[in-house]
Each structure stands twice: as C-alpha cells, then as structure tokens.
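If you look up Swiss-Prot, you'll see 1-50, 143-152, 160-176, 432-447, 706-734, 1388-1411 marked as compositional bias 'Polar residues'. According to Swiss-Prot, the feature Zn(2+) 1 binding site maps to CYS64, CYS67, CYS74, CYS81. Residues or ranges marked as Zn(2+) 2 binding site in Swiss-Prot: CYS64, CYS81, CYS84, CYS93. Sequence annotations record features per position, and here Swiss-Prot assigns compositional bias 'Low complexity' to 130-142, 177-208, 735-759. Sequence annotations record features per position, and here Swiss-Prot assigns region 'Heme-responsive' to 244-444. Annotation source Swiss-Prot lists repeat 'HRM 1' at 280-285. Annotation source Swiss-Prot lists repeat 'HRM 2' at 299-304. The feature repeat 'HRM 3' is assigned by Swiss-Prot to 323-328. The repeat 'HRM 4' feature in Swiss-Prot is assigned to 347-352. Sequence annotations record features per position, and here Swiss-Prot assigns repeat 'HRM 5' to 389-394. If you look up Swiss-Prot, you'll see 415-420 marked as repeat 'HRM 6'. What Swiss-Prot lists as repeat 'HRM 7' is 1192-1197.
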Amino acid sequence: MSNTPYNSSVPSIASMTQSSVSRSPNMHTATTPGANTSSNSPPLHMSSDSSKIKRKRNRIPLSCTICRKRKVKCDKLRPHCQQCTKTGVAHLCHYMEQTWAEEAEKELLKDNELKKLRERVKSLEKTLSKVHSSPSSNSLKSYNTPESSNLFMGSDEHTTLVNANTGSASSASHMHQQQQQQQQQEQQQDFSRSANANANSSSLSISNKYDNDELDLTKDFDLLHIKSNGTIHLGATHWLSIMKGDPYLKLLWGHIFAMREKLNEWYYQKNSYSKLKSSKCPINHAQAPPSAAAAATRKCPVDHSAFSSGMVAPKEETPLPRKCPVDHTMFSSGMIPPREDTSSQKRCPVDHTMYSAGMMPPKDETPSPFSTKAMIDHNKHTMNPPQSKCPVDHRNYMKDYPSDMANSSSNPASRCPIDHSSMKNTAALPASTHNTIPHHQPQSGSHARSHPAQSRKHDSYMTESEVLATLCEMLPPKRVIALFIEKFFKHLYPAIPILDEQNFKNHVNQMLSLSSMNPTVNNFGMSMPSSSTLENQPITQINLPKLSDSCNLGILIIILRLTWLSIPSNSCEVDLGEESGSFLVPNESSNMSASALTSMAKEESLLLKHETPVEALELCQKYLIKFDELSSISNNNVNLTTVQFAIFYNFYMKSASNDLTTLTNTNNTGMANPGHDSESHQILLSNITQMAFSCGLHRDPDNFPQLNATIPATSQDVSNNGSKKANPSTNPTLNNNMSAATTNSSSRSGSADSRSGSNPVNKKENQVSIERFKHTWRKIWYYIVSMDVNQSLSLGSPRLLRNLRDFSDTKLPSASRIDYVRDIKELIIVKNFTLFFQIDLCIIAVLNHILNVSLARSVRKFELDSLINLLKNLTYGTENVNDVVSSLINKGLLPTSEGGSVDSNNDEIYGLPKLPDILNHGQHNQNLYADGRNTSSSDIDKKLDLPHESTTRALFFSKHMTIRMLLYLLNYILFTHYEPMGSEDPGTNILAKEYAQEALNFAMDGYRNCMIFFNNIRNTNSLFDYMNVILSYPCLDIGHRSLQFIVCLILRAKCGPLTGMRESSIITNGTSSGFNSSVEDEDVKVKQESSDELKKDDFMKDVNLDSGDSLAEILMSRMLLFQKLTKQLSKKYNYAIRMNKSTGFFVSLLDTPSKKSDSKSGGSSFMLGNWKHPKVSNMSGFLAGDKDQLQKCPVYQDALGFVSPTGANEGSAPMQGMSLQGSTARMGGTQLPPIRSYKPITYTSSNLRRMNETGEAEAKRRRFNDGYIDNNSNNDIPRGISPKPSNGLSSVQPLLSSFSMNQLNGGTIPTVPSLTNITSQMGALPSLDRITTNQINLPDPSRDEAFDNSIKQMTPMTSAFMNANTTIPSSTLNGNMNMNGAGTANTDTSANGSALSTLTSPQGSDLASNSATQYKPDLEDFLMQNSNFNGLMINPSSLVEVVGGYNDPNNLGRNDAVDFLPVDNVEIDGLVDFYRADFPIWE
C-alpha cells in the first residue's frame, strides 16, 4: 500500500476497514445469521418459515463502481484503481463513501483547506508587492473597492488562521522548504508563460509597462435598445456590443444611416411628384369593368370636391393609398346616391382605420360587378384585422337612408357589401391565445397525423376531460412513446439531466398505462411491447392521479417533441461544396455491425412517422398545468415537478425556436428571433429561480431531517393509488416526486411487505428513494445556476445568483450517497455536473470583470491578461480545471463566495479533454480522458461500453467553444483599447497587434468549429448525433460573433488609417480613384489573381495579420462561405435568417465595384430615374425603418452621437454628419468623446491608399461639384465647403414642406425659397429632425408656367429629387407666410406677386441650354460622392440595394412602428411599414 498516490492517511483508513466492519458502533449494519462466531450461531429450529426472511447487511462496498460493474477484482487504490486505468476509464473510478470514515474525511478536508489558504496568502502577498512596486499611483485606486478591501482583510484573517494551525499541521522547517519550492515553481511557470506570450525581452518589458493600465468597460460596450414598449439593456458580452466598441464599425454605421436617410428622402420626393403630376383619386378603380364604371349611378363614394386640383386630400380625411375593399361597381342607384344629388355624402363608406390596424386588401383579385359577397379573402392575407370588425363604416354608409329601407332585409341597399360570415370564419388570431388554439403547421417531410384539434374551433375554455381526449389523439402510439423516451435518455438527457430516470418512467407508465401491453421490461426500466404488431396501439386514456402528473405530462410532451426534432434525418442538410471535406470529423459507424445500423435505421424511420404537434404542449401548459398562473400569480402548487417543467419549457423555447410563434403569447415583432435575445427568457428564468427559492432548493436537503420521515406515508399513499387527495401530513414535494419510485420498489417486495414498515428490505428501498430524491434536488439547483451563467454570457445582463455561497449551501450531486453500479450513465452525469460547475466558475470570473460595474469601471490590464492565460491553459489542456479555479481564487480574480471552495476533494483526473482528442476520438480510437499512460490493444478491448459517450463529448465541444469565445472577447477588448493609442504612444502598437492576432485566431477557431458542427450533424452515428437542435444556436451564434471581427479587419485593411472626426472628413467628396479605368483594370487583375490563390486556401488554418493585400480577400472568402451556410440553415432555423441577412449586408456593402457594372450604360449606370424599388426578398431590409425606429436603435445613437457640430470645423465636409441642432436635440445636448485619428494594425507601407491620384479624376469631376451661386451674397462658394450659417442656424435645414418648431420660437415664418436655394445645398445631408408632421398648403405648382418649364427641362430623376435638400436661409425669414387657423400656411401672393414665379432651375438659366446628359441627377452625384468611405470604394449599386429605400406609399398603412434593430427584421418577404405621420404631405 506504500505505492498508492493517495494521501498517507487513506491506507490507514482502508486497512482498518475489514477489522472495523463488525465492531464499529457507528455503522448502520444488520448482520446476517451465521455470519458471526459459533457462539452467535442461530438455533436449529429456525430452518423453516423464519429462515425465508433473510436479513442483509447494509454494507458499503470497498471496490470501485466500475470494477463491480465489470465484475473484476479491484485493488482499491485511490484516487483510481489500476483496473480502471488499464481499461481507460480512470476518470470514472468512483468509491462510495464509508459512513464510519466521515470523521477521517473531515480531518483530510482541514488539511486540504490549510494548503489552499497558504497558497492564497502567498499569491496575495505577491500581488500586493507588485502593486506597491508600481510607479503609478493611480493603480492603487482600484484597490479601494469594497471587494478588494475585503480581499486583503480576508488575507489577514487567513494569515492568522494559518499561523494558528501551522504547528498542528507540520513543522516550521518543513513548511519553509515547501514554500520555497512552490515559489520557485511559480516563478518558473510565470517566466515560461511570459516568454510564450511575448516574443522577446523588449516586448516583455513593454507588457509590464502597461500592466496597471485601467480600462473602463461600462461606456464602450454597453447598449440600451429602446423599443416601443420598453427598453432592453445589452451588455458587453452581447453580440451587438462589438458594433459600439469598434471605431470603424461605428463610423461605417454612421455613414450607412446617413445614406439611408438621403435615399429615403429621394424616394419620397419621387413619389410625391408623381402624385403631383397625376391628379387621380386615391381609390383604385381599375378593378371595375369599363361599362360599369361609366354608369352615372355607380360613381365613387369618395368626395372628390374635398381635394384641390391635383392634390392629395388631408391625411385625416384621406384613406391610405391602398386598394379600396369595396367594389364601387356593385352599387345600384338605390345603394349609393350620386354625388350631385347628395352633397353630404363626401366620404368613402369604408372605415380606412382598419387598414392601419393591419388589414391588407388583395392585389390581384377582381370581384364580380354585382356580387354582394366579400371582396376580401382573409385566408390569403398574412395580416388580418385583429378583431372581427367590418371595414365598412356603417354610420357613414347608412345615415342618408330612410328608416324603412335601413330596416328592410330584402332591400339590397340595406345590406353591407362585406360578407360578415367569411370574416367570422377567418378572423385573425389575437395576440393572446386565450380564445383559440393555434393551428399546427408541420414541417416539410413530416408524417404528422391530422388531428381534430387543428381543424375545430375551441371555446375560450376547455374542460379537463376535453383536453385529455384531445391529447390522446395527438400523442403517438404506446410503443413509439417508449422508443422516444429511450432515445431521449440515451442521447439528449446529458444536456438537461434534471430528472430521475426511473422515477419519470414509472410516472409515464401510470399515466399512459404502458404496462398493459404484455410488456417486457428493457434495460432502462421502461415497459416495452413484446411484439411489433402492437406498434399502432393508440393512447386511449390518460390517468392523472396526482396534481403533479400534469407537469410530468408536459415534460413528456416536450421530450417527444424535442426528440423528434433531434432525429438526424430531421436536421438541415448542409452542402458547402468543395470545402465540405475540410470540416468532416470521423464517425464511429465503422465500429458498429451491419445489423445494429439496420436496426437503428428502422427505429428512426418509425419515429419519423409520429410527430407530436406543438399544440399538445400548448393545451397541457394552458389548461392542465396553468403555467402562466403558477409562474406569475401564485406559488401554492409550486413543487419540484413544477420547477422541472419550467426548466424543460425554457430549454425547449431556446432550442426549438421555430415553434415560438405558437407557444409564446408576447408580441415580438421587432426581433427576428424572439427565442434567444428576447427578454421573455429573462423573465422566465427569474420565475424559475424564485420558484426554486420557494421550494428551498438553495438549501441542501441534508439540513431537513423531516424528509426521511415522509417515506412511509408516501408509500402508503401511492399504494392506494387512484385518489388525488394527498395526505395532509405528507410533504407535497416528496409525494409528487418519490411516489413512483417507492411504488416500484414496493411492488417487487410484495403487497403485504409494502404495507409493513418493519420490513428491512422496504426500509432499504425507502432509503434509496430518499437519496435519489436528494440527488435530483441537487441536480435541479445546479442546473439553474448554469442557466443563469449562460444567460448572463449571452445577453450581457447581470447574474441573478451572485455570490452563491452567501445564501446557498446545496452540495454538488457528487455528494449523494448513491450506488451507480446499475446506472453508470448517472455516474457520468454526476462527474459532468462537477466539471461544468467549475467551468462556470471560470466564466463567472470573466463576467465579474466585464459586467460588474464596480470592477468594469476600472479593470486593469494585468487582470485581463491573467484571465486570458488561465482560460488558455484550460482549453489547451495544459492545466487541470481544479488548478485553474484555485489560481483564480489565489489571484483575487474569483471570490470564494462564488463557490470556488465547494469541491475540495474533486477528481483531478476528470477534466476537460483537449479539443483535438474530442474531434478525433472515432478515428484514432484514443482514450478521451487519458492521463498520459500508454494503453495496449488488450486493454482497449476490455474497455467498458459507456452510455451516451458521444453526447458527452458534444457537450465538451460546446464548452470549448464557449471558453474560446471568451478568449476572443477579452483579446478584442484589449485590442480596441490599445489600437487608437498608437499615434500617441508607439509602444502600444506591439500590444495592439498581439491582441488583434490572438482575437483573430480565436475568432477563426470559433468559425471553424461552427462549420465542423453543421457539416457533420446529418452523419449517422457521428459526434453530434441527436444534438442538431440543442447545439445549433450556440454554434451559429459563435460563428456570427467571429464574422463581426472579420468585418472589422476588412474595414481596416481596405480603409487604411482613420483621420479623426475632429480633424478632417472621413468621407472625401468627389474622390474617383475607384472609378478610374486604369486603376479599375489593375484592381480586377489583382482580384482575379487573389481569387485563384483563395481556391487553394485551407479554411482550417489560421489567418495571419501580416498577409498584406490578400488579408481582405481571405477574410471575405470566409464571409461568403458563412453566408452560404446561413442561407441553407434559414430553411429550418428562424434565427439563421437574421445572421444570413447580416452577413449578406456586409458582403454586399464591402464588395469591390467592377468596371463592367459601372460602364454598362455609357457611364450612366447610376442613373436611377427608371430604377424601380427592389423586392424585399432580394435585399437587406433591416435598415428600412422610420425616424422613430432609427432614434431608438442603439447602434444609430452611438454611430451618430459623436459627430462634431457643424461650424466647429469649417473645413469639414457637409456629408460628415448631422447638424448641431439635430445632433444635440437627439443626444440631449451631450456629445460622445471624439474618435482619435490613428493607423490600424493592418496598415503597412505597401497598403497605401490611392488618395493622391486625384489629378485626372479632378478634371473629370462633374460640374455639379464645381460650385453654386448664392443669390444673397453673389459669391462663389466651393461645393465641398458648407457655408457658415447665420443667426446660429445650421447649414442643413428642414425640407420645403416641413420645418422644425425651433425656428418658430422667434415668431418668424420661413417663406418659399427659390429653386436656386433649393438645389444650392444638394450635397448637404439633412438631419432626421427635418421630418416633422407640420404641413404647409402650397399653391398648385402645376399651374405655374415657370415651374412647369423647369420640370420639363430636367430629367425625371432631377424633377423627382430637386427638393430633397431644401435650405431656408435666414434672409428668407421675413414673415411673408401666415398661418391660418387650421395650422397650415397660406402664401401671400399679393406682396410678392406670384410666389413661384421667381422659381428658377438649378444653376440658374444655364440649365435650359444643357441637356439631360450634361447634367447628372442628384442621387447619382450623391452616390458617387459617398461611395468612398475612408478610401474604401463602396459599390453604389449594391449600396442602394443594401441600405434599402423609401417604401412605396401605396403599401403604407400600419401606424405601429416596428422596433428597429440592425439585422433584425422578421418580415423578410414583406415590406416594413413606415409611420405615415413622419413624412410630409404635398398638397
């Protein structure tokens, strides 16, 4: 026993085992007859009936669990025996705790605790000396935080504790030698880590120089999403935070938003002038036959006299420009009187407010001329009225009819032309599903049955019997249910291990009577049919004997649904082309026999035929469980089973997000995927946490001895099965969760013994049931803790369960006294709980420094470096997870109150395996948890066939992705902090490049792992078998985060250095280097050569920042491949739609313009006069939002909030940003700090931009940029310089048809300017505040001859866009316009003659002599000027498609603004409606 690696006190404990078993007074054992000496031998007369009842000892075995399972001899070595080591399962070597050894274990725990305290004291002393030796005095401020003060106070207490116990632990000399050895080892490790992190001694000194630099993460990476119904906070770990933290993305978004605003203005003016020239009724009469339309008795009910000639009616009386749902040809002479006879009938009888509520009439349907049925087919619309209300305003329709006609049912004039019966049958579902059951739409290829519940209408309330009868029809046959449950516990259970398998299966047997089918019990304890002929035996009755069985039924439905979705055949088919072979991982199908593969294929084909509809879960949670009431109102019926159902419900909502439109009752139209970023999950998790507190899960069950006393009562209650009334003296939680297990054990011991509490066998079974219940208790609590950490990491929100050990003493599931010899997979679950909790502690340490305001406000560089090094050691396998957690605690990065010291006796052999070992496990047949020892082939043959091993390895794979995503985030934060400092401190350039390279490496690693996952999910028996639904969103989210950093680097590689917002414009007007023919030819040739090199590119290799000019092309190829992936995944996963649109947006935006596309029409390819609005399905529509939506967008606020005010730098270009008036009004009068000019880390001497090649391009500049003549000053002002505004007004002013109320404060009203002033500042970008609801009634411009001549002399584009950027100089504020009582302006034509007689065309009268080809349209010049983003030539044609335009007013009508968020638009095939009041109306 001397060669054992375990502690020296263990052999003494093991040696006293056999001698102490029989005489220890503390052992709860019962010796069998004949086991003692002859003096204790039983009498001879006990040989008949009494000898049948044998008493078994409650002896805890000494051998490990694995050896007893394999039935081999165990050498009982600690921490793992030799047999387990040879077999390759040393990580599972587990010994049951001896009850008499608790005192000895406590002594061991004390020694281990003292050892950890000594290590922590030394680490704190080292940190304190480092701080004192630092020359910076500001670094000491960060130690004045409450946590740091408690840390040092704790160190003094620990030092006192160590000094008090040192003499009892060991001698002083031995302690001194041990400390010296540990100090030497730590110094060597620190030196090696520093050497690996820095290439030479100079870089090491540079790193040490900036170690105490402080970073403020509370301002750079915090977002607030302002929605129409509230706000959502998005922290530094959210995927949108990178858009705020990166300066290049911030400037790009500002440029894009400005472009979008300009383009929308052009769209509006074009549509306004098209209405101005065509004086038509807003009601489309094209559907009526010509003969019927010409009849005098069938005139339009709209009063055309309300309109001025050629003008659109006022908004409050004008129906929105859509097709009128009333067929105007169907009215006979007795229905609608002619307009001449009835002067009071001046309004359309259709209530057009219904349009704003969401009803869209059909576009192509032609109704019958004289039909009285509905002209609206509600079944063809995706947007129906929210209530069954007729769109015809009956008050306006029937007010002129006599009473006898109105009451006559035979008179056709008394009937509404809308068929109300069809409206009742096709009424839209309300936002809340309290009245109807949503209809199930099975996916393509589904073999789901047609259930009556999907075709019938349900009342507002269904009785329990009706719900159960409907569920019986929805559930699959009995044998299929048993197969689904078996598949779940074999493949999916490790992802959500909060159930007791035996207990749950017994509950299912009781509810569905699966044991009545001549069952044969399989290895899992589930009753299975003995013949395949019973395959189609349906569920005829559902028994719910207890209240908690409703929750068990809900869990069963989630399991059936989730398992069906997770079948490999249901996964999305991904074809990446030639790159697919790079992302393949070996599978284990070669190790399976042909018969096993055939049997597996038959089972999957059987399961595919039986899909459980999502409506079954809705019925159960709404009518049986009443989950909304339980989670929000009352906790009377909350028990352990209720918490389990809530966790399963939350898990299902995140995994199967496509069903959220049916399951959720909240309206999340503003989010593309309400299943992951929505705040509804935050509320649900908070409810789960509070229910756990209500049940007492935060306290360990060993603290409550009364749990042991409830078993006899529970057993008796279950034996008398059939009544829902529970014993009032029985704990309801135990009654609901342990009854089935007790019933099963009691039935095996006989009915007489089950009613007898004196039976020792029954006592033992009861004890086992108690331990299994406590085990489930602990598993649920730590799973909630893990959910809290994952949500905080995903959304960047603070954790709910902070400082866990301050209020919870629940032990890990490994503390449960359970014999796992019959359930090895539960042993793996227990090991995973311990490992995953330790990984969560590492994540908590990172989240504390990023999200906690007290730490994130002044976090230091060396703290982030320590976190990076420890996480790298963990994911690369160079350090055990126990050592990593200990290092975090010793360095003060993780407080002990988070639970770091909860596992002092953890298995060091069970750690996170290396990622290559996980992926290559099937190919090389390597030991996944090898401890470095070589194993022979004979040992491999003896290896135990472990259950759900592939699922466990898939979970390990996801943990690696999470850790490496944190490493990417930490390096990115440091990179963005030090990159702008390079211009002031050149020493930071080395640090910035190192952090950028590390961030790129981890970003590419996440990108590759995402591709590996989706490229292997359909492979049979692969690593990700049955994990396609559970891991799809986490993998795709990490891939999406990686692409954001790729975009940042592409911008740096193409744009070059930033010049700084306060120094000069980042948008150079008129730069045409990208349109020079010779330059274009050279760019095309370089692009072709680089594309040939990319064909040979290996996507599995890392990308080097020193790749030069090919860096952007290499990264672009990654983006294209990811776009291809998300496009294929969009067919199955809704959240892939948002990511596909985001990727497609940047791909289109950063695409290099080619010469062919620019010269197709002789240099006029950007002439968009005939250009039509593209289809939404072919463009990125997420930027199509109105003013209110844009101002709520966090990226918009951050992108445009830092722009310097106009006039601060007169040399700045007018395209640079918004005016002072608009900017300060939006941002509350505050300005974000300016962005400093600096060179990016990708900038090299060979990467110079061709910004100086402007000689020839300047000569070709259009005369639009030469200058303009100001009538007020008669001075030529260069086009690139904005005139200084007078009277404090900005050079950018509101449009002609609307003006800001800030200009009315002085009592002056602007007059109508001339066209010279209208076009004088066409290049200036107006702010969003120019769009107001104030309207000005102007005379009809079509009546003015000069105005008409100027229109004729312009191109269609010019006439449509000439008033897009109207400037109202202060000289025009002379009060020539008066406001009438209605709030509209009337032009005083008597004072100035004709108000529009002085209007001239742009550039004065010279325009009349110029042709349309000599003068380019405004939009073209605008796009040409703004296609240059800091040297990056953005393709204007793709920019129009990417940014999107002003939506056609004919499609307007909804007044509920969709919450705007970039790349978040649900309606990919429908137009996003604007709020009509935000755009002016021309009259």
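From the backbone N, Cα and C atoms, a Cβ is placed for every residue, glycine too.
Around the Cβ of CYS84 (Zn(2+) 2 binding site), a 10 Å sphere holds 25 further Cβ atoms from the protein chains shown. Among the binding-site residues CYS74, CYS81, CYS93, the residue whose Cβ has the fewest other Cβ atoms within 10 Å is CYS74. Report note: the Zn(2+) 1 site is defined by CYS64, CYS67, CYS74, CYS81, and the residues of the same chain whose CB lies within 8 Å of the CB centroid of those residues, excluding them, are SER63, THR65, ILE66, ARG68, VAL72, LYS73, ASP75, LYS76, LEU77, GLN83, CYS84, CYS93. Under DSSP, CYS84 (Zn(2+) 2 binding site) is assigned to a helix (H, G or I) in the three-state scheme. The average pLDDT computed for the repeat 'HRM 7' (1192-1197) is 50.
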